[in-house]
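Database features (TrEMBL):
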- 1-399: domain 'Major facilitator superfamily (MFS) profile' (DOMAIN)
- 23-47: transmembrane segment (TRANSMEM)
- 86-105: transmembrane segment (TRANSMEM)
- 170-194: transmembrane segment (TRANSMEM)
- 221-239: transmembrane segment (TRANSMEM)
- 259-280: transmembrane segment (TRANSMEM)
- 287-305: transmembrane segment (TRANSMEM)
- 311-333: transmembrane segment (TRANSMEM)
- 345-368: transmembrane segment (TRANSMEM)
- 374-394: transmembrane segment (TRANSMEM)
Amino acid sequence: MTTETTLPRPARTGPFAGLPRPFWILFYGTLVNRIGGVVSGFLVLYLTAIGIPLEQVGLVLAAKGVGALISQPVGGVLTDRVGRRFTLVLGLLASAACLTFLGAAQGLPLLITAAFLHGVAADIFRPAAATLIADVVERPLLTKAYGLQFWALNLGFSVASVMAGHLAGAGYWLLFALNATGCTAFAIIVLLGIPRSAERLVKSTVDGPKSGLRALFRDRLLLGVVLLVLAHGTVYSQAEVIIPLAVKDSGLGAAGYGTIIAVNGVLIVILQPLAAAWVARFDRMRVLAVAWAVVGAGMALTGLADTALEYVLTVIVWTLGEIAMAGLLGSLAADLAPPAARGRYQAAIGFGFSAAAFTGPLLGTWVYQHGGPAAAWFGCLVLGLLGAAGALAIGPAIRRRTEPAAA
């Protein structure tokens with residue numbers, strides 16, 4: 001037998017109305033954490049700055065990606081079995097510790113070990129945060145809630161990117177210190193701001209193997225979505241893998257990359273709240289198809305850029321695709337999931353991005369070095385178009401399954 005606590009129905013008027021206090025605690029914690037999230041985007045530049053050859057840089061990034069493959073499933077199981085609040089705090093504090101280790105590591109073996117451990121820890125909190133939002137926000141407002149979380153991520157990202165480019169000039173250790181501090185601050189915000197009563201843990205007498213991780217592999221629609229997310233994530237990860245290399249090859253440096261990539265966050269901060277209501281009028285899978293195609297095309301256009309302005313223009317293109325899909329995957333996971341498996345379904349979608357953190361650096365750096373930049377950018381276009389075609393193909397089945405949940 002499954003039991004759930006019925007949450008009060010919030011008001012629905014106004015762009016930010018109807019969202020309860022626990023959501024806003026997560027929102028502000030996410031913002032603080034993301035402002036501190038400066039290491040990932042500059043890890044390639046840091047590793048090359050300390051003398052690591054490009055092929056070995058790919059190994060370090062791949063180790064982080066392998067760790068990330070474990071992170072979201074662990075976070076999803078902990079979220080459903082132990083609790084959202086506990087998993088949030090555990091994941092954030094573990095991430096802070098692993099960032100400190102990564103910043104202090106010397107030599108390739110230690111760098112690979114530290115990157116792997118950071119990959120394991122970094123995303124444990126994400127399924128818990130996404131599931132807690134589904135717990136406390138009523139269904140008609142879920143897409144808006146996930147969209148606002150995405151907005152907070154990018155508001156923090158736009159600040160972090162510009163700040164990090166200049167901090168890196170004073171010493172990369174400052175980036176690791178700031179990132180670890182942001183994780184710790186978010187953990188404290190969760191401990192102090194979110195009461196245990198905010199969690200809606202769904203218990204079931206059959207919550208055994210049938211609703212464990214193995215059950216996810218029997219959900220063909222979910223697996224299809226995860227594969228499409230993997231394709232998109234592999235393309236999107238190049239913003240932190242081969243775009244920095246291209247910018248460096250153009251002679252623009254770390255500060256130039258930070259300023260260029262900050263355009264992504266600034267555009268999202270300005271446009272995403274305005275676009276959300278307009279995008280909501282269209283079918284979710286069709287929007288994802290267009291968004292993934294635009295991201296692939298925008299990344300491919302990077303191959304034509306050489307000046308800062310040209311790089312900015314390409315960032316604008318793929319950012320428009322990113323804005324269109326804001327909040328859609330989180331609400332899709334919530335609609336697909338049985339009540340007792342919310343954390344694991346959120347983790348499954350996140351796993352697609354985690355897997356891309358492995359495939360993206362390996363494919364990106366290898367193709368960029370051995371096939372040339374043009375081959376790497378063309379690959380982004382192909383993956384974007386394949387993702388779009390896949391979204392259109394499974395769209396009817398997604399609609400048949402999720403429309404009753406959205407009603």
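Cβ coordinates come from backbone N, Cα and C, glycine included.
Listed stretches 86-105, 170-194, 221-239 were compared with the transmembrane segment (374-394); the greatest number of C-beta pairs under 8 angstroms is found for 221-239. No contact links the transmembrane segment (170-194) to the transmembrane segment (287-305), because fewer than 3 Cβ pairs that are 6 or more residues apart lie under 8 A.
Away from its own ends, the transmembrane segment (311-333) comes close to residues 130, 133, 142-151, 225, 229, 236, 239, 243, 246-247, 250, 252, 260-261, 263-264, 267-268, 271-272, 275-276, 279, 284, 287-288, 290-299, 301-302, 304-305, 342, 345-346, 348-349, 398, 402 of its chain (Cβ-Cβ under 8 Å, at least six residues beyond either end).
Among residues of the same chain six or more beyond the transmembrane segment (221-239), those with a C-beta under 8 A of the stretch's C-beta atoms are 41, 261, 264, 288, 292, 295-296, 299, 318, 322, 329, 332, 336, 345, 348-349, 351-353, 355-357, 359-361, 363-364, 376, 380, 383-384, 386-387, 390-391, 394, 397-398, 401.
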